[in-house]
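Structure record follows, encoded as C-alpha cells.
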Amino acid sequence: MFRPPYSLRCPLVPLPHAPTRGLVPRPHLRFAHAESGRPAYKPLPTGPPKGFNQGRGKLVTIGVAFGTLGVLLTYFTFYPNPGGPDASTRTRTEVTLSPAHFIAASLTASEESLDPDTRLITLTLPPGAVSDREDPVFDPIWCVWIKDDDIQVERPYTPLEGIDARGRMKFWIKKYDKGEVGRWLHGKKVGNRIELRGPLSTWVWDDNKWDDVVLISGGTGITPFYQLLYSKLLKDPSSVRTKTRFTLLHSSRKPSELPPPAILDPLISESKAHPDRLSLSLFVDSAEGLAHPSVAANDLQVGRITESAIKRAVSSHSSRSWWGSLFGKADSQEERKILFLVCGPEPMITAIAGSYGRNFGQGVVGGVLGNMGYKNHQVWKL
C-alpha cells in the first residue's frame with residue numbers, strides 16, 4: 001500500500017562517499033602491436049629479461065623494504081598526530097549524531113504487528129550521541145537515514161517519538177519486495193548494529209501559523225504525522241501550547257494493516273479527551289480479515305478518503321476554532337488559515353493532492369484538494 005520508503009519525503013542528501021576501489025591489475029594479460037600475419041593480441045613474456053641478475057634484484061628489493069620501514073617508523077615516532085592525542089582511539093560510538101556521517105546504533109527491540117509485513121523497531125544511540133534533545137533541529141518533522149551496510153544503500157525513516165532521554169528511537173517500518181533496507185531491517189536481531197545519520201528536516205513546523213492542519217495519510221505514511229502530533233499534543237497533554245486544531249484522516253487496506261496499538265491508542269485517547277485539539281477518522285478499503293484490537297468495526301469507515309470525507313472533516317470545525325470559542329468568536333472560511341499535509345503511497349497522494357513535480361518537487365495542487373479550490377500554499381506533499 002505504502003510507496004517505497006525512499007519516497008517518505010525526506011530531503012535527498014548524498015550518501016557520504018566511500019573510498020573508491022582501484023582496478024585490480026592482471027599481469028597475465030599483455031597487449032602488443034599487431035605484426036604482419038599475426039593476431040592483434042599476443043601475450044608478452046612474463047619472465048626476467050636476459051642477462052638479469054636475480055641475486056642482485058633480491059638485494060635491491062630487501063633494501064627498498066627496509067628503507068620504507070625506516071621512513072614509517074620515523075613518521076609515527078616524531079610527526080605530531082594531526083587529529084590530536086585521542087584521534088587514534090576515537091571510535092564510531094563516540095561520534096555525535098550528525099547528517100554528515102554515520103554512527104552505530106543498537107537494535108534493542110523488534111516487535112511484530114498484526115500485519116506481518118510491518119514491525120515496531122527500536123534503535124538506541126550510544127551515550128553522548130545527542131548533546132541537546134531540545135535543539136531546534138529536532139523540531140518536527142525530521143527523519144534519519146538508515147544504511148544497509150551489506151549493499152551500502154540508505155533510506156529515510158521517521159522516529160515516531162523523536163529521541164528519548166535514553167537515546168532510543170522507535171520506528172514503524174514496512175518491508176516491500178523491492179525495498180532493500182526495509183527487508184534488511186526486518187531480518188535483523190536484537191543486539192545487531194545499525195548505522196544511521198541525521199537528523200534531516202522533512203517539513204518545518206511553525207507554531208500558531210495555522211488555525212487548522214488536516215493530515216491525510218495512508219499506510220506507514222502516518223509516521224511523520226505521529227511525530228508531529230506526539231510533539232505538539234501527546235508528549236505532555238497538560239501543557240499544550242499550540243492553538244492549531246489537528247484533523248487526521250488515515251487509510252489502510254484492511255483493519256489488520258492499521259497502525260499498531262502503540263500508535264493508535266494514544267491518538268484515539270487524545271481525540272476522545274480533547275476533540276477540540278484532535279479529530280481522528282480511520283478508513284479501510286475492506287473490513288474483512290482480522291479485527292484490530294484498538295478499533296471497533298463500527299468506528300471504521302469503509303472506502304477511500306474522498307472529497308465528501310474531506311469536506312466533512314473541514315466543515316466539522318469551520319464555524320468556530322477552539323481558540324476562537326474561548327472568546328465567542330466565529331471564523332468564516334476565508335478567515336481561517338488551513339493547511340493540508342499528505343503522506344502515503346504515490347497513487348493516493350496523486351488522487352488527493354495531485355502528482356509530484358520534477359525530482360519529487362511539490363508540483364501544482366490537483367486531485368481532490370485541487371477540485372476543492374485549495375492552492376499551493378495550503379497543501380504540502382511529504
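Even glycines carry a Cβ here, placed using N, Cα and C.
Under the DSSP three-state reduction, PRO156 (FAD binding site) is assigned to strand. What TrEMBL records for ARG155, PRO156, TYR157, LYS174, VAL181, THR223 is FAD binding site.
Sequence annotations record features per position, and here TrEMBL assigns domain 'FAD-binding FR-type' to 100-206.
If you look up TrEMBL, you'll see 59-78 marked as transmembrane segment.
Counting every protein chain shown, the number of other Cβ atoms lying within 10 Å of the Cβ of VAL181 (FAD binding site) is 24.
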